[in-house]
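Only one structure is covered here, and it is reproduced in the block below.
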Amino acid sequence: MTKKFVGLTILDGLGLTDQKENNAFHLAKTPYLDYLLKNFPNTTLKASGEEVGLPQGQMGNSEVGHLNLGAGRVVYQSLTQINKAIRDKSFFTNKQFLQAIEHVKKNNSKMHLLGLISDGGIHSHLDHFKALFDLLKENNLANNTFLHAFTDGRDTSPHSGINYIKDLLDYGFNIASVVGRYYALDRDNNWNRINLVYNMLTSKQAPVIDLPLEDTIQNFYNQGITDEFITPFITNPNGLINDNDAVIFVNFRPDRAMRLATALSNPCATNAFCSEGKTNFCGTKLLNNLFLVTMTKYSAQVKSVVAFEKITLKNIYGEVIANLGMHQLRIAETEKYPHVTFFFDGGKELQLKNADRILIPSPKVKTYDLKPEMSALEITTHAKTAILSGKYDTLILNFANPDMVGHTGFLDATIKAIQTVDSCLKEVLNAIFAVKGKACIVADHGNAEQMTDNQGNPHTAHTTNLVPFIVTDKNVVLKPGSLCDVAPTMLDLLEIKKPQEMTGNSLIKKLV
């Protein structure tokens, strides 16, 4: 039997729209993608809303996209799960929240809420903060609760933070500190950023600003500093995190929250996030008897109780391949490495048989418009070598550029990012063709195709647009579908029967 190879290349954040103005995908010169779309079967997929397990109209994201891609079924997301708990009131009897409340009362200490304050729905949601505050008011802890607000400006408008701050103040929150997500939610092991936030939260090592909070935020805007990049500052020194306190980390998505959560709960484990085995975490004050609740399970390193356990997904794509004794490779740079591993594997840290992983470090730049190529060239070099070795039966590869550079809001840089990916994609696919394999090309959500909003301001968030799906097999005809249909399609190309747990369907309508 001839060995078959199928490679999946994920063009992160590359959606489709008929709107051509300020559309980086349309404006970029992409001769190879143009060639693929002209010469090979292709279709469009839904990558947002209910089709990926999110509320109707909710934009997709990389975590959700990769979960659905790898699971081969619609994966109902934490956002949907938590929203449902608020509606049916089970949120207010959640055992873990009540344990945190009891801890505060027993120790006569403080309650802290921290997380990303926006309604972007990618990492957190403002409604969850409000529901928690309602619960704390019911338990007479409102006056002893402090909010540590991480401003967004990435999944939302760059200057929307001031409105979220006002909303929360009007709701009754006591905001003790503020910092942009660039510092608080770094996922590229920039521990100097995490250190700044940790020491602000615990040791008063940040400016204490007495101005009205909204005026302070406006001052940042006046200096050209958007929500994402607001530097740490304290508004209420009495609201710092101390021994015996309780913390509820309101982010439900783990990948950007896990480092700060580890620093708070298990600082000795911060080394686990560094490939060289040594972190630069240096918290001034280590906390004792801290009770930490995370909305979902962040990682094995985070010592917390988990408010909402995730549904266990069985027989995902990677497991099917491994159980058949086949070899697979996952490759991405730091920014998207968790997505081709943890998220593609159903939100689990799996050690699959015959599964290799290659992590390419992301460039150490403040924002990726400064290096729109990111690490795509290095990924391409390693991928080509691996494919041509003949060792592997399947490959999962992510090019982060359209999404990560698209998030900066800079059109020219995003165009360059897409052009880089186009040339790299050609090299990867030529290697696949050399081993007589087939390639699937997909995006996990939209972003780079819309670089401005309706008012002409930079649009740095994801979109709800359809995404492309291409199969380099001229003997098939494809039908439209959703991200959950990609894994069944890949199994179909490998002539492997999909497991019954995969409720997605092959997108191959018929053989020509």
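Every residue, even glycine, has its Cβ placed from backbone N, Cα and C.
Note that this is a predicted model, so its numbers are computed, not measured.
Annotated Mn(2+) 2 binding in Swiss-Prot involves S62, D444, H445 plus, out of the candidates D12, D18, D492, the residue D12.
The candidate list H123, H125, H128, H327 contains one residue that Swiss-Prot assigns to the substrate site with R154, D155, R181, R187, R253, P254, D255, R256, K336, namely H123. Going by what Swiss-Prot states, the Mn(2+) 1 site holds D403, H407, and the candidate of H382, H462 recorded there is H462.
For D403 (Mn(2+) 1 binding site), the nearest neighbour among the recorded positions D12, S62, D155, judged by Cα separation, is D12. Within 10 Å of the Cβ of P254 (substrate binding site) there are 25 other Cβ atoms, across all protein chains. The Cβ of D12 (Mn(2+) 2 binding site) has 26 neighbouring Cβ atoms from other residues within 10 Å, across all protein chains displayed. Taking the mean position of the Cβ atoms of D403, H407, H462 as the Mn(2+) 1 site, the remaining residues of that chain whose Cβ falls within 8 Å of it are D12, G13, N61, S62, R154, D155, P402, M404, G406, H445, N447, A448, T460, A461.
Taking CA atoms as the reference points, H407 (Mn(2+) 1 binding site) and D444 (Mn(2+) 2 binding site) are 15 Å apart. Inclusion criterion for the binding-site residues D155, R187, H445: a C-alpha placed within 10 angstroms of the C-alpha of H462 (Mn(2+) 1 binding site); this criterion is met by D155, H445. For S62 (active site, phosphoserine intermediate), applying a Cβ distance below 8 Å and a minimum sequence separation of six or more within one chain yields D12, G13, K336, H339, F343, D403, D444, H445. The number of other CB atoms found within 10 A of the CB of D155 (substrate binding site), across every protein chain shown, is 22.
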